[in-house]
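Have a look at the structure below before the remarks.
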Amino acid sequence: MKETKVKKKKLTLSVSSKKSHSAPYYTQTRGKTSVVIEKKPQRRWGEKKFQSRDNNFNKPKSSDNFISKKSSINRNVDLRKIAEERATKRFKNLNEDNLQQKKSGLGKEKGFTSKREQKLTLSKALDDEALDGRERSLASIRRARLKEKKNQGLEKTKIETKKIVHEVNIPDKITIQELSNRMALQASDIIKHLLGMGVVATINHTIDADTTEYLVKEFGNIPIREKKPD
């Protein structure tokens with residue numbers, strides 16, 4: 001068998017400092033194969049370890065990401081508006097149902113009332129119907145009853161005093177103080193009546209029989225003239 005001779009090819013490495021190449025490439029010159037190897041510059045402090053060979057870092061970023069973010073924000077805003085509108089509709093419907101129940105007199109039992117219904121909101125506090133619907137306390141009811149009893153007692157005493165009629169003996173001359181004692185009245189009432197007639201008088205002022213008779217009749221009493229002894 002013939003021995004096959006294997007020709008060995010020699011490879012030569014050459015570094016070109018004059019030319020700047022961005023990537024390795026192969027050339028054939030004078031029947032020899034040569035490889036050009038790019039020399040990497042030394043990495044400075046603070047720079048990234050691996051940098052892409054494509055010079056795309058200076059290119060502006062595409063606006064697709066920005067548009068997608070903007071569309072997602074608008075979508076969230078629309079969803080929030082829809083949720084708020086639904087919540088307001090539900091709240092209005094609940095208020096209308098409560099008003100209808102109050103008018104018809106059909107209310108829920110205390111055991112089955114929800115926590116939301118037990119809370120007092122601003123609208124309920126300002127509502128006149130909610131204020132009128134509250135139950136009165138026992139203390140306020142007792143006070144009202146006591147006031148009614150006092151008023152009834154005062155009216156009864158006034159009626160009783162009006163019914164009493166006194167028989168008053170009238171002498172020739174009498175003081176206002178003594179006349180008030182005989183009629184069971186205050187002297188100030190008699191003085192006020194005299195001032196209305198245009199007469200200025202005091203407690204110790206004496207009046208004649210005719211004026212005393214007139215005053216006794218004005219206050220609803222019976223005048224009796226004292227007879228003079230013969």
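Keep in mind that glycine also has a Cβ here, set from the backbone N, Cα and C atoms.
Heads up, TrEMBL stuff is auto-annotated, nobody curated it.
Here TrEMBL flags 1-11 as compositional bias 'Basic residues'. The compositional bias 'Basic and acidic residues' annotation in TrEMBL covers 37-52, 106-118. According to TrEMBL, the feature compositional bias 'Polar residues' maps to 53-70. What TrEMBL lists as domain 'Translation initiation factor IF-2 N-terminal' is 171-220. For 1-70, 93-118, the entry in TrEMBL reads region 'Disordered'.
Restricting the average to the domain 'Translation initiation factor IF-2 N-terminal' (171-220) gives a pLDDT of 89.
For the domain 'Translation initiation factor IF-2 N-terminal' (171-220), the number of residues in each DSSP class (helix H, G, I; strand E, B; coil) is 29 helix, 6 strand, 15 coil.
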